[in-house]
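Read through the structure below, which is laid out as structure tokens, and then see the notes.
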Amino acid sequence: MPPLLEDDEQIRGAVKGRVVVAMSGGVDSSVAAALLAEAGYDTVGISMRLYATPQENYSKSCCSPDDLFDARTVASSLGMPFYVANYQEAFRERVVDYFIEEYRRGRTPNPCVACNNHLKFDILLKRSLALGSKYLATGHYARIDRSGDRVVLKKGLDDNKDQSYFLFGIPREALPRIIFPLGGLEKDEVRAEAHRLELETADKPESHEICFVAGGDYKDFVAARLAQEEKTPGRIVHTSGEVLGEHDGIHNFTIGQRKGLGLSYHEPLYVQAIRPNDGTVVVGPKGEAFSRGLVAEECNWLSFERPSGPMECEVKIRYRSEAVPALVTVGADAKTAFVEFADPQRAVTPGQAAVFYRGDEVLGGGWIEEARD
């Protein structure tokens, strides 16, 4: 049994009022809605219609009519008003098209971050305020700490489920308007709460795939949406200069990739670099895939308007990696960050996010533009 929400650090200082809850139809957002309703908030559920999923793949997607039905069922059981907002056009433009374009350019996109930045914590937040809501709540495993003289974003207490990496793009001024009811819980506690509250979604399995790529095969998804002239075939070249083979498109590769290279070689090879200008994919042994730093662009700062100078912090370069010590220096406009790792890091991947931490606090983040040796 978690502590009462009004006593939990993530919403301490929040005055009760109307809360719009983003409901995906999964167990996490269902429990978030139920805990807020139980704590006395005036809760309103909204599901976003984001993508038209082929009917045969409903069970493999989190954007299906079945999920909307589950969200509506949970909201009804809680006595909550419930709405469906059609954001399919915005989702296509800001997430799907971005996803395809990044792969076309030989980069590796992060659609969950793009969706949070442009849909949940922009368009949906504005819609929730228009509905007279004081707050927007989601089922993310992260915390909003209001206990000090400023509102900060922190990691969720469940290290295995922490989703703060995906949230670095939230506008700093929006943090006071956001509640993450699950930030102080572990996943098994959330399941237990779902059963205690007798929610329809209590035993619903999690989705671990890209929500609009049914079945999880992003290569086929991208290839089907690229015109033939947009595909960039080329050579696969060893770091020694030896040409090892050819490929039919750089969209099939990502930095650090080992499997699916279509090569036979006397030792394991990993993608070291992708050159979109001529379609070359550079491969080499694992020990050559390390970088001493990176450049991040389009940085968003949460703990301050901009760092006052070079700062020592921890940097996370992919969701499932550990945050590692680094020195971060920002450019004149604070939108560019130059990162020097304390120890070289493997597979720094353009297109992914670099997120900056100090302990549990999320300082900000940006998009990896290039790795530096």
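Cβ from N, Cα, C; glycine included.
A TrEMBL annotation is a machine prediction, not a hand-curated record.
The annotation in TrEMBL ties A22, M23, S24, G25, G26, V27, D28, S29, G139 to ATP, and of the candidates under consideration, M48, M311, the one tied to the same site is M48. Of all the recorded positions in the record (C115, H140, C211, Q352), the one with the smallest CA separation from A22 (ATP binding site) is H140.
Between the farthest pair of Cα atoms in the ATP binding residues (A22, M23, S24, G25, G26, V27, D28, S29, M48, G139), the distance is 16 Å. Per DSSP, the domain 'tRNA-specific 2-thiouridylase MnmA-like C-terminal' (292-368) is made up of 0 helix, 47 strand, 30 coil. M48 (ATP binding site) falls within a strand segment according to DSSP. Cβ neighbour count for S24 (ATP binding site): 22 (other Cβ atoms within 10 Å of its Cβ, all protein chains included). Along the domain 'tRNA-specific 2-thiouridylase MnmA-like C-terminal' (292-368), the predicted structure has mean pLDDT 96.
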